[in-house]
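Database features (Swiss-Prot):
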type: BINDING; residues: 6-9, 20, 71, 76-77, 98-100, 135, 150, 165, 223, 329, 347, 362, 373; note: UDP-N-acetyl-alpha-D-glucosamine binding site
type: BINDING; residues: 100, 223; note: Mg(2+) binding site
type: BINDING; residues: 376, 382, 383, 401, 419, 436; note: acetyl-CoA binding site
type: REGION; residues: 1-225; note: region 'Pyrophosphorylase'
type: REGION; residues: 226-246; note: region 'Linker'
type: REGION; residues: 247-452; note: region 'N-acetyltransferase'
């Protein structure tokens, strides 16, 4: 099977300079969702028909498995599919999808293709309580589809029909090529309607069959920001439902956003207003507190992430305790039972098992050993204004509060750094290292008085 994706719409109602099919849904362009469905079907060829802002679309999403066809000017859906014909092979089937219908499901498309077989024209239709704006499916007395009439061309009786065309169809490429070559634009819009091929199929005694989607939401298109927001909520509810069916506890399934892939072990609990981006893996028994953002991370079993923490491109071992208000940045690796408390930031660092930085610290470009205690206010000074340098802290080190480690520097195994130390040279193992100005008490000193 070959797939044609129509993605040339202008999207004026979006009121955006970004082409409509690039508007984000669940963290990626709408068109990407449709491409994912086509790829899951193992389509032999995928052709994207682009128009408005097309070069931007192509630059953003171009890939080796995609063909591109430009529609200029834009003269309707039939004209759009015509532009893809040079990329299609007679003897195969063509599936027509839409770049602004992002929730179409693969099982639905598989049933549609099966219904088409090798010779039939298969249409995806839905029944709506309010079919305003959609082309109506017209059937004869025997229930056979005879044609589709667009709403602007429909009579009052035809407008009362509730079964509507979604635009998604499967047809033999050879027949599609012939039908499209016979299209006329003598209609209210002066456009070449793809739907007119149904009448041609009926006239040629080609069987026209219909399939209903698993959910109406699969066929909903997006023309405005409110509609985009509606589909976002539908999509997130579907994700939340699947997570709960897999055993994840969601404190409120209406308040989670997954903008990528979330893989969870057993007995995972996620509190409200959490956002997961990219690929995130949560081990057994992981608990994520409220208002956390987790991006491209792997979190080990039994780890607890307290509220308002941000985790990005991080690997965490089991039984860690993170937050609240902690931040791990790209390149962070945490061993077992690592504690990062409130207002601790870690970047591009490896922290080994059982080490702790419980509050108010910055650990950047560092290698931290096991059982290290990092006191409040500790900073690894890793940047000299031009280059980054690493800090090495060996096992069993105790770092007092308000300590600065000016990289490159090494703290030996079992060393203790006194509070307030500014370390500019390596600290030897098993020794106390302190660098402080001598404490003075000045007798008779008085605070300045504000002049009147």
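Here the Cβ of each residue, glycine as well, is placed from N, Cα and C on the backbone.
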Revision key, fill the gap. Between the binding-site residues 6, 419, the one whose Cβ has the fewest other Cβ atoms within 10 Å is 419
Practice item. Measure from the Cα of residue 223 (Mg(2+) binding site) to the Cα of every one of the binding-site residues 76, 99, 150, then give the nearest. Key: 99
Practice item. Whole-number Å only: compute the distance from the Cα of residue 150 (UDP-N-acetyl-alpha-D-glucosamine binding site) to the Cα of residue 100 (Mg(2+) binding site). Key: 19
Exercise for review: Among the binding-site residues listed here (76, 99), identify the one with the smallest other-Cβ count within 10 Å.
Suggested key: 76
Exercise for review: Go ahead and report the DSSP secondary structure tallies for the region 'Linker' (226-246): helix first, then strand, then coil.
Suggested key: 20 helix, 0 strand, 1 coil
Review point. Among the binding-site residues listed here (376, 419, 436), which has the Cα closest to the Cα of residue 329 (UDP-N-acetyl-alpha-D-glucosamine binding site)?
Key: 376
Point to revise | Distance from residue 100 (Mg(2+) binding site) back to residue 376 (acetyl-CoA binding site), taken between C-alpha atoms, in Å | key: 51
**Study point:** Alpha-carbon spacing, residue 436 (acetyl-CoA binding site) to residue 373 (UDP-N-acetyl-alpha-D-glucosamine binding site), which is rounded to whole Å
**Key:** 20
Check your understanding: Which of the three DSSP-derived classes (helix, strand, coil) applies to residue 6 (UDP-N-acetyl-alpha-D-glucosamine binding site)?
Key -> strand
Revision key, fill the gap. Cβ proximity for residue 401 (acetyl-CoA binding site), under 8 A, sequence spacing 6+, ordered by residue number, returns 375, 376, 377, 378, 419, 420
**Study point:** Those residues of the chain, 6+ apart, with a Cβ under 8 Å from that of residue 373 (UDP-N-acetyl-alpha-D-glucosamine binding site)
**Key:** 355, 356, 397, 398, 399
Review point. Nearest to residue 6 (UDP-N-acetyl-alpha-D-glucosamine binding site) by Cα distance: which of the binding-site residues 100, 382, 383 is it?
Key: 100
Point to revise | Maximal Cα-Cα distance (Å) across residues annotated as binding acetyl-CoA, namely 376, 382, 383, 401, 419, 436 | key: 22
**Study point:** Top Cα neighbour of residue 383 (acetyl-CoA binding site) in the set of binding-site residues 9, 76, 100
**Key:** 100
Review point. So which of the binding-site residues is most packed in, judged by how many other Cβ atoms lie within 10 Å of its Cβ, out of 100, 150?
Key: 100
Revision key, fill the gap. Cβ density check for residue 9 (UDP-N-acetyl-alpha-D-glucosamine binding site), other Cβ within 10 Å (all protein chains) comes to 24
